[in-house]
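The structure under discussion appears below in the form of structure tokens.
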Amino acid sequence: MEGKMGWAVADAVDYKGFPADRSKTGGWVPAALILGIEICERLSTMGIAVNLVTYLGGTMHLPSTTSANIVTDFMGTSFLLCLLGGFLADSFLGRYKTIAIFSLVQTLGTGLLAISTRLPQLRPPPCNIATKKCEQANGLEMGVLYLSLYLIALGTGGLKSSVSGFGTDQFDEKDEKEKTQMAYFFNRFFFLISTGTLMAVTVLVYIQDEVGRSWAYGICSVSMFIAVLIFLSGTKRYRYKKSAGSPIVHISQVIVAAIKKRNLNLPSNFNLYEDTPESTRIHHTDQFRCLDKAAIVAEGDYEKISSSSAPNPWKLCSVTRVEEVKMMISLLPIWATTIIFWTTYAQMITFSVEQASTMKRSIGNFQIPAGSLTVFFVGAILITLAVNDRVIMPLWKKWKGNQGFTNLQRISIGLIMSIAGMAVAALVEVKRLSVAKSTDHTNSTGDLPISVFLLIPQFFLIGSGEAFIYTGQLDFFITQSPKGMKTMSTGLFLTTLSFGFFVSSFLVSVVQRVTGTHDGHGWLTDNINNGRLDLFYGLLAVLSFINFGFYLICSMWYKSNDKKNRALQMGNVVSVNGSSAAEEKC
């Protein structure tokens, strides 16, 4: 029995609930089965998002601003629902069931989208060429489209919250060999995300434009269903780790307990309740002291369970639990100042695609789909990652002695590139509008005699910025969060993408309301040749610049506060039996 247990992974079980056998479970094969789900998720979500604006305007006959907002709301909801998926996985379903259920939901959503784009009854009739009048999609047609999109968003949210975590569950952090394999897993995970996106913006977009959208979305649905079957085939080989509970519940308990005890005075010597083992304990710090009241022992905090009593977690929380919440709160300023990057990112899959649709896109006899211009995003990401890994990091190590940029430095580089990207986008749009005016295309929808490749710099700058800010944010939120809230911190990171898209929708609506006129003029018009998209891009560049200033302040506060907290950590906390940590140590 002892020999057998030596082959077991301490904190993992197999599909029957027994200790996981290291030789029969986990490793690269199960991890590869999980990664297949992520490829298909990226293929579906990005394949739909990057070219949806042309379908909404060209087929559903919706206004330009409405089309852009539908796309950004769809993407924003997808990432926001990661919090729901993470909560369900941590509290009820577990990661395996969450992935299986939500991948089927996404399969259903893409299948319904394929049907809605195929049936003539679910889209308005073509525009009348003679009268140039177009009938907008009615309530039923838009209702089916919305149902399809938000089923896909729900599936995406559930998948993204659990796929990376369940993949890392297949490797044992306590084993040096498997710990090294886990590092490679993260690299390959991000590489496959980029691969799925690359296939989406090239092959899938081409099929949408040249063969038919229903065929493209049908391919997404079938590929996801096959990926689910492959995923389920590995059930017996997976390692399953028990959840420690939802971080959202833990945070809520600390806040509720602190509010209930808001009128109590903190002990002068900060002798507070602690029941966490010494090895995993987080010592008290001097920030957000109002939350410390959740760790004050008061009458009625204990409840009798069987023959013993235990603290009610909604009335009394340990110092470690309180400190975990403090750590999460300290991340919020950085979280808030990174949202604007994803607002600029949203323009690359909405208005920049509309720009591309008005420009010359042919290479010989081949017509490049407007949505495929986002391939320069992926190219910029891959090139930036390669240059950073092979050139910048070695040189930086020789010069500074550090292994590349810190996470906060990478975030700042990404924000700077977004400012430059929006400034360049505004200048390119000035040039495009001047060509439209000189060739009398201001009221026309035909292709302008100007190359679409002028848009490459703005795509490349934002894409390169994404490579820095995505890796920087992910590193920051995971490494600076408490161990028990890694999933929560990943969800917090993904909400920056969500709010970035929602802020984009809000800005578009505000600009349309402020600058729009009754005769259809303004910054953002249905025919962008007759609008001032350059001013909108300029506004985003200014907002990004102001936001960068706030980011610098927040990052300096975080670094100074982090050093201060490390210096102020104290060990005089009360253990379960009421003795101090010092006494317990003696």
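A Cβ is built for glycine as well, from the same backbone N, Cα and C atoms used for every other residue.
Annotation source TrEMBL lists transmembrane segment at 70-89 (among others).
Residues or ranges marked as transmembrane segment by TrEMBL: 95-115 (among others).
Taken from TrEMBL, the feature transmembrane segment covers 189-208 (among others). Outside the transmembrane segment (189-208) by six or more residues, the chain places 35, 38-47, 50-51, 55, 164, 167, 215-216, 219-220, 369, 371-372, 374-375, 377-378, 381-382, 385, 471 with a CB less than 8 A from a CB of the stretch.
Positions annotated as transmembrane segment by TrEMBL: 214-232 (among others).
Annotated transmembrane segment per TrEMBL: 328-346 (among others), in sequence order.
Annotation source TrEMBL lists transmembrane segment at 366-387 (among others). Here the transmembrane segment (366-387) has long-range neighbours at 50-51, 54, 190, 194, 197-198, 201-202, 205-206, 208-210, 348-349, 352-354, 356-357, 452, 455-456, 459-464, 466-468, 471, meaning same-chain residues at least 6 beyond its ends whose C-beta is under 8 angstroms from one of its own.
Annotated transmembrane segment per TrEMBL: 408-428 (among others), in sequence order.
The transmembrane segment feature in TrEMBL is assigned to 448-470 (among others).
Annotated transmembrane segment per TrEMBL: 491-515 (among others), in sequence order.
Feature annotation from TrEMBL assigns transmembrane segment to 535-558 (among others). Within the same chain, residues 330, 333-334, 336-338, 340-341, 343-344, 347, 351, 408, 411-412, 415-416, 418-419, 422-423, 425-426, 429, 507, 511, 523-524 sit at least 6 positions outside the transmembrane segment (535-558) and bring their C-beta atoms closer than 8 Å to a C-beta of that stretch.
Only pairs six or more apart in sequence are counted, and the transmembrane segment (328-346) with the transmembrane segment (214-232) gives fewer than three Cβ pairs under 8 Å, not enough to call it a contact. Here the transmembrane segment (95-115) has long-range neighbours at 34, 37, 41, 44, 48, 85, 88-89, 122, 144-145, 147-159, 161-163, 165-166, 169, 213-215, 217-218, 220-221, 224-225, 227-228, 231-232, 235, 238, 240, meaning same-chain residues at least 6 beyond its ends whose C-beta is under 8 angstroms from one of its own. Within the chain carrying the transmembrane segment (408-428), a Cβ under 8 angstroms from the stretch's Cβ atoms is held by residues 334, 337-338, 340-341, 344-345, 347, 352, 355, 454-455, 457-458, 461-462, 464-473, 475-476, 534-535, 537-538, 540-541, 544-545, 547-548, 551-552, 555, 558-559, all 6 or more beyond its ends. Long-range contacts of the transmembrane segment (491-515) within the same chain: residues 65, 68-69, 72-73, 75-80, 82-83, 86, 160-161, 328, 331, 335, 338-343, 345-347, 350, 473-474, 477, 481, 522-524, 532, 536, 539-540, each at least 6 residues beyond the stretch ends and with a Cβ under 8 Å from a Cβ of the stretch.
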